[in-house]
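Novice: Here's a structure for you.
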Amino acid sequence: MKKENQSFNLDFILLGVTSQQEQNNVFFVIFLCIYPITLTGNLLIILAICADIRLHNPMYFLLANLSLVDIIFSSVTIPKVLANHLLGSKFISFGGCLMQMYFMIALAKADSYTLAAMAYDRAVAISCPLHYTTIMSPRSCILLIAGSWVIGNTSALPHTLLTASLSFCGNQEVANFYCDIMPLLKLSCSDVHFNVKMMYLGVGVFSLPLLCIIVSYVQVFSTVFQVPSTKSLFKAFCTCGSHLTVVFLYYGTTMGMYFRPLTSYSPKDAVITVMYVAVTPALNPFIYSLRNWDMKAALQKLFSKRISS
């Protein structure tokens, strides 16, 4: 009990992206530039979808949810990084650290399952166009979105509770700019074997959406290649290209971080986390709007309304 009380009274020290202060100053500027872009870009996507009745369909409903997840995902960590840098502090409370870890895991899972739902939506639209409105009904969309949030939160809870039960024996220095599960497990002086097993189980849960995405796109392209039409092929690539780009960005960075043994983790890996915590959520609005004529038109309409009013 004494050890548990000591842990709950412990303040962690977030070492930042690197151990070099000059490099952390550079990352501060990067975060300071990226965060407003993330908020503005994703908020514009949500507003454009809400304002344009032509975008009131499953594909854009799922995209709006992805933008919402990305806004919250970035807001869990980046404001704390910016505030600590400005205040000259690196501290975060034990409770604050656990909350940060909980939301990061929950939102990462919600993000991955939303990406899977978007791939499923495209597969149904291209492979079963006559049954699309029946399969992707408003009720189905709500269930897919609700399911992604429920799975995310239920996946994050056991990891958070297990981490809360660990002792840290005064070890305070977290080798990252936020409370990630891997540096916390390496920091603990308790037996973390069960925690590690649960973490790998969580990685498995995280991998399921990727499997769904692969199956969905195999179905999409097998359908498209059966139709001897260059126009159909081009349309499929335009429709799915943006989503596939986001999937590669998201899973490429997270797999490089978590699909490996805990012992291989090093402080240098914090640089990788910048990619999926800050860069990917900022790029998503540009990726989805640059190659999507309907989204471009909706954004232009939104801006013209704001200017005229």
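From the backbone N, Cα and C atoms, a Cβ is placed for every residue, glycine too.
When I checked Swiss-Prot for this same protein, it listed these features:
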TOPO_DOM  1-25  topological domain 'Extracellular'
CARBOHYD  N5  N-linked glycosylation site
TRANSMEM  26-49  transmembrane segment
TRANSMEM  58-79  transmembrane segment
TOPO_DOM  80-100  topological domain 'Extracellular'
DISULFID  C97-C189  disulfide bond
TRANSMEM  101-120  transmembrane segment
TRANSMEM  140-158  transmembrane segment
TOPO_DOM  159-195  topological domain 'Extracellular'
TRANSMEM  196-218  transmembrane segment
TRANSMEM  236-258  transmembrane segment
TOPO_DOM  259-270  topological domain 'Extracellular'
TRANSMEM  271-290  transmembrane segment
Novice: Is the transmembrane segment (271-290) in contact with the transmembrane segment (140-158), using three or more Cβ pairs under 8 angstroms as the rule and ignoring pairs under 6 apart in sequence?
Specialist: no
Novice: From the DSSP assignment alone, can you count helix, strand and coil residues within the topological domain 'Extracellular' (80-100)?
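Specialist: So the topological domain 'Extracellular' (80-100) is made up of 15 helix, 3 strand, 3 coil.
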Novice: So how many of the residues in the topological domain 'Extracellular' (159-195) end up helix, strand or coil by DSSP?
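Specialist: Each residue of the topological domain 'Extracellular' (159-195) counted once, the result is 16 helix, 2 strand, 19 coil.
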Novice: Which range wins on Cβ pairs under 8 Å with the transmembrane segment (26-49): 58-79, 101-120, 236-258, 271-290?
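Specialist: Per the Cβ count, the answer is 58-79.
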Novice: Under 8 Å between C-beta atoms and at least six residues away from its ends: which parts of the chain pack against the topological domain 'Extracellular' (159-195)?
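Specialist: Non-local partners: 3-4, 6-7, 10-17, 27, 76-77, 80-81, 92, 96-98, 100-102, 104-105, 202, 257-258, 262, 265-267, 269-270, 273-274, 277.
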Novice: Quick check on the disulfide-bonded residues C97, C189: which one has the highest count of other Cβ atoms within 10 Å of its Cβ?
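Specialist: The most densely surrounded of these disulfide-bonded residues is C97.
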Novice: Counting only CB pairs under 8 A, let me know which of 58-79, 101-120, 196-218 has the most with the transmembrane segment (271-290).
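Specialist: It is 58-79 that shares the most Cβ pairs under 8 Å with the transmembrane segment (271-290).
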Novice: From the DSSP assignment alone, can you count helix, strand and coil residues within the topological domain 'Extracellular' (259-270)?
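Specialist: The breakdown for the topological domain 'Extracellular' (259-270) reads 7 helix, 0 strand, 5 coil.
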Novice: Mean pLDDT for the topological domain 'Extracellular' (159-195), rounded to an integer?
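Specialist: Summing pLDDT over the topological domain 'Extracellular' (159-195) and dividing by its length gives 88.
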